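In Swiss-Prot this protein carries:
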type: TRANSMEM; residues: 24-44; note: transmembrane segment
type: TOPO_DOM; residues: 45-135; note: topological domain 'Extracellular'
type: CARBOHYD; residues: 56; note: N-linked glycosylation site
type: CARBOHYD; residues: 92; note: N-linked glycosylation site
type: CARBOHYD; residues: 113; note: N-linked glycosylation site
type: TRANSMEM; residues: 136-156; note: transmembrane segment
type: TRANSMEM; residues: 165-187; note: transmembrane segment
type: TOPO_DOM; residues: 188-195; note: topological domain 'Extracellular'
type: TRANSMEM; residues: 196-216; note: transmembrane segment
type: TRANSMEM; residues: 225-245; note: transmembrane segment
type: TRANSMEM; residues: 249-269; note: transmembrane segment
type: TRANSMEM; residues: 338-358; note: transmembrane segment
type: TOPO_DOM; residues: 359-368; note: topological domain 'Extracellular'
type: TRANSMEM; residues: 369-389; note: transmembrane segment
type: TRANSMEM; residues: 396-416; note: transmembrane segment
type: TOPO_DOM; residues: 417-425; note: topological domain 'Extracellular'
type: TRANSMEM; residues: 426-446; note: transmembrane segment
type: TRANSMEM; residues: 485-505; note: transmembrane segment
type: TOPO_DOM; residues: 506-551; note: topological domain 'Extracellular'
type: REGION; residues: 520-551; note: region 'Disordered'
């Protein structure tokens with residue numbers, strides 16, 4: 001398309017692209033930390049009831065006299081005796097005296113702070129009858145991501161990618177910092193919800209702003225770079241959480257850097273492609289000329305003019321007279337087809353992904369080690385995904401990553417629970433495939449939707465992903481019916497969803513669509529022929545420049 005020619009005219013992948021892409025993806029390091037932060041800030045340490053205030057432990061026979069034990073000889077977490085017992089309450093799985101009555105922990109709990117000195121669980125006693133509140137914080141965070149995906153995806157198509165990114169950086173910095181100083185759990189949840197909203201906007205606009213400034217052949221590199229930065233953030237979280245085990249300091253440490261991101265984001269250059277779609281050619285020209293200067297192509301930038309842009313962006317200007325709305329995703333057949341297929345892919349990826357990564361304490365090994373392993377597996381997985389994306393295409397990469405992830409999880413469901421090494425290995429492999437699926441779906445979605453509704457489409461896709469992340473914890477409760485049932489559900493959904501990829505067009509080597517007409521031509525299977533006909537009707541860029549300058 002003509003816009004890709006304009007990008008080549010002002011330097012292709014030059015100094016500007018390298019600088020802006022680096023600065024835009026840098027916040028993804030800490031976005032990964034926020035997404036799984038509650039694995040550490042809401043970790044549940046071993047705990048037991050606090051004895052009554054009037055208890056005399058030296059006279060009563062010690063702390064154990066007040067604590068009933070389970071069949072493995074460990075103190076029960078949520079019960080204590082109403083009066084001290086003369087001997088251990090359980091012996092070989094049976095109660096020793098048979099007369100000890102128990103009661104809830106009315107005087108609070110004593111926590112083992114050796115691994116987690118301070119978490120929201122220990123500070124606000126989110127255990128026993130209040131245990132469900134622990135998940136509420138994560139659920140509200142994910143609900144915020146869902147809301148943010150819809151709101152900021154829509155606003156980015158109306159106000160531009162740069163303005164929304166600036167707002168998102170500031171909101172994340174303020175809400176994340178305030179969460180660290182929360183006086184109670186209600187305030188904490190409120191600020192976590194606001195953080196989720198803004199981080200959703202960052203994820204969406206980071207990818208789009210970068211992709212819209214890159215030539216066709218380099219878009220996959222941008223998507224892969226963003227994925228690797230996110231994976232590196234998982235390593236970063238494990239190290240930072242180990243060094244800073246206090247939840248308030250950890251929350252503060254992953255939030256304050258967004259103030260710096262907010263400051264330098266004012267120097268971002270808005271997407272010239274977005275400017276051209278609403279028909280603001282004067283701003284498009286200024287943006288392209290500024291990029292040309294940064295890339296050392298000042299002469300080529302000076303040759304651009306309003307007349308050249310009108311000639312080469314004729315189709316975009318014609319179609320921009322009517323702004324697309326979110327309802328177009330359902331009203332237009334081509335967009336509806338994309339929306340339904342991509343929604344299923346987004347939902348399945350997130351549903352299975354968060355089913356694995358938000359249960360790190362369930363592996364029975366160091367939570368820090370599992371966090372590192374889960375981050376490490378992303379590196380080779382995303383490298384393979386990148387090679388497939390660039391050689392075979394987006395569609396086979398998306399299908400294979402979902403299919404393999406689902407198979408790993410399904411097989412995990414039939415492995416005996418005492419085979420911890422095999423089960424953990426399968427979970428790690430499945431997580432790597434799902435991380436690759438996320439990497440691919442961001443790029444694939446951005447390339448499938450036309451410019452005028454690209455952010456709205458990405459926002460709706462991310463919304464479906466958040467629905468998956470909210471539903472995922474509910475599925476884990478089915479383990480009460482059958483221990484492996486959650487794994488069967490987590491595995492079946494991505495396997496079934498992978499079939500939807502076959503209904504989508506391939507975008508490898510294809511120009512970004514700007515209009516619904518481009519989608520219709522893809523559905524007819526004639527994108528390249530239509531492109532050739534357009535090129536015959538359109539005045540070539542170089543010829544226009546030469547004519548303008550009397551050459």
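The backbone N, Cα and C atoms fix where each Cβ goes, glycine too.
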Completion exercise
Answer key: the stretch among 24-44, 136-156, 196-216 with most Cβ pairs under 8 A to the transmembrane segment (338-358) is 24-44
Problem - Assigned element (helix, strand, coil) containing residue 113 (N-linked glycosylation site), judged by DSSP - result: coil
Exercise for the section: Given the cut-off of 8 Å on Cβ pairs that are 6 or more apart in sequence, determine whether the transmembrane segment (165-187) and the transmembrane segment (249-269) share at least 3 such pairs. Expected result: yes
Practice task
State, in range form, which of 24-44, 196-216, 369-389, 426-446 has the highest count of Cβ pairs under 8 Å to the transmembrane segment (249-269).
Solution key: 24-44
Fill in the blank from the handout: Counting Cβ pairs closer than 8 Å to the transmembrane segment (196-216), the top stretch among 24-44, 136-156, 225-245, 369-389, 426-446 is 136-156
Problem - Stretch-level contact, the transmembrane segment (24-44) and the transmembrane segment (225-245), CB cutoff 8 A, at least 3 pairs - result: yes
Fill in the blank from the handout: Model confidence for the topological domain 'Extracellular' (417-425), as mean pLDDT, reads 80
Completion exercise
Across the topological domain 'Extracellular' (417-425), DSSP labelling yields 6 helix, 0 strand, 3 coil
